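According to Swiss-Prot, the features are:
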{"type": "COMPBIAS", "residues": "624-634", "note": "compositional bias 'Acidic residues'"}
{"type": "MOD_RES", "residues": "2", "note": "N-acetylalanine"}
{"type": "MOD_RES", "residues": "463", "note": "phosphothreonine"}
{"type": "MOD_RES", "residues": "466", "note": "phosphotyrosine"}
{"type": "MOD_RES", "residues": "475", "note": "phosphothreonine"}
{"type": "MOD_RES", "residues": "605", "note": "phosphothreonine"}
{"type": "REPEAT", "residues": "350-399", "note": "repeat 'Kelch 2'"}
{"type": "REPEAT", "residues": "448-493", "note": "repeat 'Kelch 4'"}
C-alpha cells in the first residue's frame, strides 16, 4: 500500500493546465490502416473467425461479414440492411463469376487488384454489380491502356451496357485526339451517326485545319479512295457536314469547293463562308458557332515590347505561355507590328493593338492600330486613331474599345476615343477632366476604371470611373500610393493596381506595394507586395490569377524577364516561367489559341545572347542608360 501511495505521489499530474499548453491532443497513426489490413489478411490466411460463406457458381468462399459490409454498398445492404442474408451462414451470389469474386475479395483484404485482358471484363461486370467504384475505375483505366482502333467499339459497348459515363468520355477523348487516323478506318463508319456528329462538333477535336473535319465528315459515308477521287455527291449533303466550320477553312479551299458545286444548300453555306473572308473588316462582328476555334486552350499572350540587348530593339514577336509545356514559345505572323507599350484589347477572340510607342530613333507616338486573328494567324490594319496616343490605356466595355488619354510627346492628353468594330471607325467620347499619361485601366461590371499615371512631371494616385451609359467620368477615392507605368487587373469585384514606379524618395524607384480597390465598399487596401519591380509590365488574368510579365526595374536599373503570378485566394505571389528575353512595354492578354499551334515545333525563335538573361545587374553603363532613354518611361 505504501508503495502504491509513493507511486501516486510520483505520477501526480496537474489538474489545471497552464495557459501555454492545450487541454487535449489528438494523435493519428499513419500505419494503422495498413496494419489492420495485414491483420485481416492474416485471419483469412489462417482461416480464423470466418462467419459467412459466399456461394459463387456452386463454389464456397469463406469471408468475414463485417469486412464485406464495410467495403461496399452491396454487402452493407445485404448484411446490415435488415435482409434475410443477415442471419444466413451461406449466401448465394448471382451474376458474378467465381474468379471475379476471388479477385474482388483479394482486393478487399489487400487493396491490390491484378488485371489482365483475360479477366478484366468479368471483373468489371462483378464490380458493377457489387457497386465497388474503385475497382470499376481500375478496370476502366486498364481497358483504356489497351484501347486501339480494332477494339474500341467493343469497349464502347461495355461502357453503354454498364452506364460507365467516365469510360465513354475517355473513349471519346481517344477518338478526338486521333481523329484524322481513326476517320480512315472501317470502325469509324460503324460508330452511330449521333456519336460521330457529337465528336465532329467538339472544340476538343484535334485537327490541323478545318479541311480535315470536312474530309472526316465525308469519310463516314464514302471510302478514302472515293473522297480522294472526288467520287462523291454533294447535291444532298450528308448531315455530318453541318458540323464543319466552313469560315475556318482557307478562302482558296472554299473557292475550289464552291466552283465545283451545283445549286444546293451546301453551296449556299460555302458562299456564306467566302463572304466572311471577303468582309475581313467586319469579321469580329460576324462571330458565331461556325467561326469558333476548335480549342479550349486559353493562353497568356504577349505582343511587341522593347529589348535592351544587344541593342534597343522593338520586338515584332508574339509569345505565349504554352499550358502543355509550362514555358514560353514564339509564334510569328506576317505583318506583325514592331511596337512597344501598345494598348491592347480582346474582342470576340480578336486582339487589337492600339497606338503606342515607336521609339527606335527618338520619341514617337503612334496612331496606327492593328488586329490579330488567331483563327488564320493573320494581321489586319484597322482604322487609325484620330490622334497619336503613347502611354495610353485601352479597355473593352460592351462591344466597343476605348483608348484613354496618354501623350503625343508634345502634349499630355485627356481625349478618349471609342472604336466600333462594326463600322471600323473611331469617335470621341467624353474626355477626362484632366490630362494623364502612363496610367493603367481595366473594366469591371460594365464600367471602365483608370488609376494613377503622370501629369507633366507629377506622379498621381487618382482613380476615375467611366460610365458608358451616361458617357460621364466620375472621380473616386485616391489610391494609397503615387505611381506610373504600372498595370491593372480586375478579379471578382476588386481592382488591383500593380507595379510601376515613382520618385517619392527623390529619385525613381520601383513601387512594390499592390493596391486593391473594392467596388462594393469603395475603399482601398493593400495586399501582398510584389517580390520584384515591374515597370511597364504586361498584365493578364487567367483562371483567377494575375500574371505580371517583364518590365523595368529602376531599383536594379534594368529590364527584366521575370513573371510573377498573384493568387488572390492565398494572397501570395508565385514565380512563373521566365520570359525568354528581358523586355518592357509588352502588351499582354489572354487568348484562345489553335491546338495545332500548341503542338507545333517552335519556329523562328530569336537566338539572343545569354547576356540578355544576365542583364539584370545592379550597375549599368552609360550606354545602357542611353538605350533606356528610348523607352516610354522618361
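Just so you know, glycine gets a Cβ as well, placed from its N, Cα and C.
Restricting the average to the repeat 'Kelch 2' (350-399) gives a pLDDT of 92. Taking the Cβ of residue 466 (phosphotyrosine) as reference, residues of its chain lying under 8 Å away and at least six apart in sequence are, in sequence order, 397, 402, 404, 416, 430, 447, 448, 449, 450, 472, 473, 474. Residue 463 (phosphothreonine) falls within a strand when secondary structure is assigned with DSSP. The number of other CB atoms found within 10 A of the CB of residue 463 (phosphothreonine), across every protein chain shown, is 21. Counting residues per DSSP class in helix, strand and coil order gives 0 helix, 30 strand, 16 coil for the repeat 'Kelch 4' (448-493). Between the CA atoms of residue 475 (phosphothreonine) and residue 463 (phosphothreonine) there is a gap of 6 Å. Counted within 10 Å of its Cβ, the other Cβ atoms near residue 475 (phosphothreonine) come to 12, all protein chains included. Shown for the repeat 'Kelch 2' (350-399): DSSP residue counts in helix, strand and coil, namely 0 helix, 28 strand, 22 coil.
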